[in-house]
Amino acid sequence: MIVSRTQLVLFFALLHYRAESQQEVLIEESLEVESVQGPTGGRVELPCDVSPALSADKVGLVIWYKQGHETPIYSLDAREGITSQWSDPSTLGNRATFRTNTTPAVLVLNKLRPEDSGQYRCRVDFIKSPTKNSRLNLTVLIPPDRLIVISEGNDEVHGNILGPYDEGAEVNLTCIAVGGRPIARVSWWKSHALLANSEARATVSLKLHRPDFGTDITCQAVTDPSIPPLSNRLSIDMNLPPLSVRIQGGKRPLVAGQSTELTCQVVGARPKPVISWWKGGTKLTTVRDSTSMDGNITISVLTFVPAIEDAGRVLSCRAAQPKISHTTREDGWKMEIQHLPVVTLKFGANLDADKVVEGSDIYLDCRVRANPWYSNVHFTHNGITVKAGPGVLLANQTLVLQHVSRQAAGPYVCSATNILGDGFSSPLILDVKYAPTCKSEQPINIRAARGEVVEIECIVDANPKVSLTFQWWFNSTTHAKRELKISPLNVQNQAGTILYVVNSSADYGWVQCVASNLVGSQTLPCVYHILPAEKPSAVRNCDITNVTYDSLTLNCTPGHDGGVRQTFFLEVFDKTTGMLLRNISNEEPLFEVPGLSTSGVLALSIRSYNSKGLSEAFTLACSLLQYPERRTAQVPVKVELTTLLITVLAAVVIITIMAAVSAAVCYCKYCNNREDTNEKAKRSQEESLNVLLTGEKKTDSADSLDKNPDIIPLNTKLSDTCSNKSSNTDYSSVRPLISTTNVDEFEIPNRFNAHYNHAINSTYQYEHPLRYRIPNFQPSLAPMPNIGTNVYRQPFHNVYEDWLRYKNALPLDSSHLLPLEQLRPPEEYISPPPPVLSDLCPNPNSQCHLQESHLREMGQRHSSNESNPALSQNLKMSDLPSVRVHSESSSAYFNKFGVATNTIPRMKGTNTMSPKPRLKEMKLDSTKSTETETD
């Protein structure tokens, strides 16, 4: 085993030596080197031949080497059956990947770096085949670092703007590429046109024109087509003069005094030009500028208020490019100014305005300047248009005033009109000089007492008012006209005033004054009538009105004022204490005195006074109302019946009378309505009772009764009235209610048997007499007119003759009563009892339907009643009519012949029954009767 192991080791060592010797031989023999290029930051594939020389062989180990590195930089080991890859972190890192699924296999390098350039060797070890080595040279392409543009002055161009250059300038530009591998080629481009191309640097020469403004030229540097070129784009900036300057809107007239905006447009100037506006040689400053988005058009707006003096001046807009000499452009025109008429009003030639005297002739000239021309000229004086007339002449633009008067003085204005409006001149004041005249045309009365000094002022109207002189005269009926001398006292006063002294009655008369000025003297003097003056007279007819607890009103009639204006004053005293309570003055003798607080008598004293003194006092006394009694004052109060007061009083009286009459009428109507209401109520009650008696209303006709199915119609009607006074009442006309019930089903109480001994059908029910009020009157026996002389009635009450008594006999409470057909024995409405057989059967040939049993039963009942006088008397006293009431139609019907009906219930019982059971039986039968009728 030891020998065998040793042999194996030697064998493998020999094989390894042979393999290395063969590999060295192959490396040394391999002289071909493949070149590969890749851009910086890009991707490159390094090929490696991994195909074995022997078939059925496979790769065991792949190792990549780089020149300058002693250790492998990448390996792929597939010897253990598991493929594993390794990359040198400091050289390739995770940027390398070996792919064996391509032919040949490649080592993919991503994100190439400049340091990745160099010679690479790929060694492939197979399991059986000899080792293969592949060599290749990797070149990493590096673009230039930057481009430098140098102008003609060897100055580096910074930024993307070239210039600015003037139009027509020569421009030389050089572009240099710095860095890069391999050396880059540099070229100049304008749009898509190639201007220059060379290695490392390129130069271009350009002559600039206006179209070159804003043009882009580009410098490019390219190292390899696979690498994007490095470029620098430059824009040419130029100084351009304006192409055009124009005032928009053209030449047009301007209106003086109106603000106007004018626009100047400058096109083609670069950069923004300097725009200025000029009016002649004056620069205008109210300007605002704006530039378009592309900077090619500049707008300047002038806000301008032209004046009339601007007419004929040149208005211009100037645009200049300061960086280019001799490039100023201008647009403008002479201004035409339209304006309102400019009017000037002056006095005519050879006329001195300061020497216009009343009565002279005046000429006024109106001069007008207008654009457009005026069409009308007129004059105004004190705002009123002057029209031609006597003494007033209008010729063209001249106003002539002949024999001018003082009224013609004042301001004059001339106005002219054109299409823009009216123009007015400044007011021209016409000052007309005239001699003094007295302002008062009538004499002035002056009241003066003897010994009084009166100041008289001579009031005159004059122009001029300076240097006025006055003369005074006195005239009376007893003295001739004499001049009054001016005393030294008068000199101290103002001119035109004299102090006149009234010493005696001879000094009363007329004082005259005459004034003079530079124009002349007064023709008519001013006259002052001096009249005697005295104290005023006392007031009279004083009345106290509106007296309250704290105020009163006093009204008097004034007396003579003494020739001078007088004033009234009132003094109110407390008569008890003498204290002055009020002191009031007034121009009229009417005083309202409020705020008095005294319980005593008031003393009132009223006086009048003028400049000459006081009048005598008028005194009176009064008392105020005592609060709160409001007593009447002691002094009689005079009430003035004015028209308004009389009207108010008359209206109050008329309204009061109308209200009283209306109340009386309303009360009468109310009483009448109340009586009518009571009468209607009584009438309705009587009619309802009438219905209970007769079964029909007064307004019901025979047809309405005939239509009732429960009534057998007859040819006669029951009378509407029943009273004691009507003894001829025909009870045979009552409509009977015919019953179909057999007579045998009813039993007549024993108390009624004494009254009936006839063979007639008795079908009536009766109620106990204690349930009803029995009237206390004696029954009367009266023959019935329709029966005959041989038939007599049994005694019965006359309730059927007087329905009022019947009403009083009705029960107060009818809720428990039986039907009304039980209220009376049947004999009251049968033929007068006892009937004769001839009456029951008037026709001998006809068959009488009375049965013997009925006759026998009636005879027994009659005999039993005769044997019991008390019961017979009770029956007589309690006889009530047999009435049937229909609850739905509210009508009552009477049975005259006692014919049975199917609605009358039977009463069963014997004559020996006690009153109490009989009463209970009657109540029971009443209930049954009500149920039967309801059914």
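Cβ atoms are placed via backbone N, Cα and C, with glycine included.
If you look up TrEMBL, you'll see 1-21 marked as signal peptide.
Regional average pLDDT for the domain 'Ig-like' (23-139) in the model is 86. Taken from TrEMBL, the feature domain 'Ig-like' applies to 23-139 (among others).
The domain 'Ig-like' feature in TrEMBL is assigned to 144-235 (among others).
The domain 'Ig-like' annotation in TrEMBL covers 241-336 (among others). Across the domain 'Ig-like' (241-336), the DSSP tally of helix, strand and coil residues reads 3 helix, 50 strand, 43 coil.
The domain 'Ig-like' annotation in TrEMBL covers 341-431 (among others).
The domain 'Ig-like' annotation in TrEMBL covers 436-525 (among others).
For 644-668, the entry in TrEMBL reads transmembrane segment.
Residues or ranges marked as region 'Disordered' by TrEMBL: 904-935.
According to TrEMBL, the compositional bias 'Polar residues' annotation covers 904-914.
Residues or ranges marked as compositional bias 'Basic and acidic residues' by TrEMBL: 918-935.
Helix, strand and coil counts under DSSP for the domain 'Ig-like' (23-139) come to 13 helix, 55 strand, 49 coil. DSSP labels the residues of the domain 'Ig-like' (341-431) in these numbers: 6 helix, 51 strand, 34 coil. Secondary structure by DSSP for the domain 'Ig-like' (144-235): 3 helix, 55 strand, 34 coil. Secondary structure of the domain 'Ig-like' (436-525) per DSSP, as helix, strand and coil residue counts: 8 helix, 40 strand, 42 coil.
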